[in-house]
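TrEMBL has this to say about the protein:
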type: DOMAIN; residues: A:67-256; note: domain 'ABC transmembrane type-1'
type: TRANSMEM; residues: A:12-35; note: transmembrane segment
type: TRANSMEM; residues: A:73-95; note: transmembrane segment
type: TRANSMEM; residues: A:107-127; note: transmembrane segment
type: TRANSMEM; residues: A:133-154; note: transmembrane segment
type: TRANSMEM; residues: A:180-202; note: transmembrane segment
type: TRANSMEM; residues: A:234-257; note: transmembrane segment
Amino acid sequence: MPVVTWLKRRLVVIAGLITLGYLLLPNIVVTVFSFNQPKGRFNYEWQQFSTAAWQDPCGVSGLCGSLSISLQIALWATIGATVLGSMIAFALVRYRFRARGAVNSMIFLPMAMPEVVMAASLLTLFLNLGAQLGFWTILIAHIMFCLSFVVVAVKARVMSMDPRLEEAARDLYAGPVQTFLRVTLPIAAPGIAAGALLAFALSFDDFIITNFNAGSTVTFPMFVWGSAQRGTPVQINVIGTAMFLVAVLLVLTAMVISNRRTKRKA
Amino acid sequence: MKTTNDSGGDVRLTGIGKTYGAFTAVHPLDLTVPQGSFFALLGASGCGKTTTLRMIAGLEEPTTGTVHLGDQDVTHLPPYKRPVNTVFQSYALFPHLDIFENVAFGLRRRGIKSVKKQVEDMLELVQLGEQARKKPHQLSGGQQQRVAVARALINHPKVLLLDEPLGALDLKLRRQMQLELKRIQTEVGITFVHVTHDQEEAMTMADTVAVMNAGRVEQLGAPADLYENPRSTFVANFLGTSNLIEAEVDTRSGDDIVLRAGGGKLVLPAARCTAPTAAGGKVLVGVRPEKISLTHADDAGSIPEGRNRITGTIADASFIGVSTQYVVDSAVCPELAVYAQNVERDGRLVPGAEVVLHWSPAHTFGLDADQDIDAGVGSVEEEAA
């Protein structure tokens, strides 16, 4: 039975390809439908090929405005959550202080709590404080829920760092600032970068918490949701595809750079 | 390079101590390490030797006392302002920098721009010139160890501190590196302070050894002096092996003390006894296993007069090539250890044989009986486990 043998030998590869297909299929559909020219207001059935939406991605009113707001919030939320989260991670790993255990587990609460509950309670809080809902309330909420993920990512890295490396740096004439810049930061960098990427992705596509606390501000996920009620412009697929391509490009660049580096060193 | 004709390399610790809450890691101690010497702090884990070293490095703030380097009081200087460098246990090489940058680190932090020549020379000294562009994880343990030494030495510190630098290496490589480190120390003439739990390592490398136990220096001296004249049961047991026999002072005759042990008499030079020697007092009589000769009971008449002797039965004999190690049961003391060189082996010395153990009184030392007879036994094995 040569076919059975052939299948047996390649079982792992075949299973891998099927899983990969399962993961990528939604992206392929989004990409394909970004070249569609729908008949009605809904872009759910293939009609005919067109590049019209790609030539005019901002052609739908409000779309590019909401995209810009989402990118700004994601950027600031990433910076805020990464700086705060990294500091918390260092404090939790490196220092012994009162209530350290409690803080350690409370950091996980926002991850474990259902988003809807957090969204509603945040809204209650903002309303009681008399805060003006909008850009700033969204940003505060995003930094808050990204924080736990950054802490987890950075903590894992800091825990595997040998504290003697910093002692060695201090022993070799590096003051506190130099030690941090030359030794601590470069070694912790992969963990911090992973935390930052995670924060950006989470903030960019968050819908539930944002929807509760946005006031009249409209982010990109809110715009997509809103337009899905009335009809989906092809431009949404264009933006989605573009984001996907940018992410893929970033990953590829990172891989090429690290490959070159290892080759040069060896 | 700095000239070293001043006393810049002396390390003087005065009343230095360290406590963590209720726990005393190091009891206040005074210690002077002379310029250019190879000094070892020897002890089991948790004895305070590493804490002492870290206080010299500035990585640990002493609770009491002062640290002087030459005439300079460095007690409150941070580590990056002290002319002292450390070779860390498990090396602590920077994983994100290559070997060249690891070695250049100290020079660059002090603002020295042209480091190439110095780094290359230093890598030559430790025979790693070819590896300059590799990352630390690409090197073997022995090579990493040499990088750690080079990274510290390139700064021409007044004192080089070594914290168990050979602990992670296998036995053969460790022996090789011991000689290598000793060679480098003689070559550069810098004061080395070496922390180790390996008594052989300390005795092979150091000019002076300080034996530490439970946060105190038990005894300090040249390796041979410590071995021959231990002043406490801890030192007697921790450095090599000792037979300790409980005895009672009988009389004093001239420079010797006569003691009763079991039914027999033992003679001990008064100068080698650290215990009070009033008649009737208890003393622990010590003798090293290799100083004892074994004679079969049938030949007891051939033993010269004036030697200390004990009769017993061989309980166990293990042949280990150059020597045979016997365990002898005696009424005076169970399990006496005897190491006999395998020059001419007596075929009758097998387990069960009646034997006479005898040794020169000059090879006997006396210790205060008012201490734990087993102190220091097994400390080394604990550490290795």
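Heads up, the Cβ atoms here are built off N, Cα and C, so glycines get one too.
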Counting Cβ pairs under 8 Å to the transmembrane segment (A:234-257), which of A:12-35, A:73-95, A:107-127, A:133-154, A:180-202 comes out on top?
A:12-35
Quick test of the contact rule: Cβ under 8 Å, at least six residues beyond the ends. What residues does that give for the transmembrane segment (A:12-35)?
43, 46, 49-51, 53-54, 234, 237-238, 240-241, 244
For the transmembrane segment (A:180-202), give me same-chain residues lying six or more residues beyond its boundaries with a C-beta closer than 8 angstroms to one of its C-beta atoms, as numbers and ranges.
74-75, 77-78, 81-82, 85-86, 89, 142, 145-146, 149-158, 161, 165-166, 168-169, 174
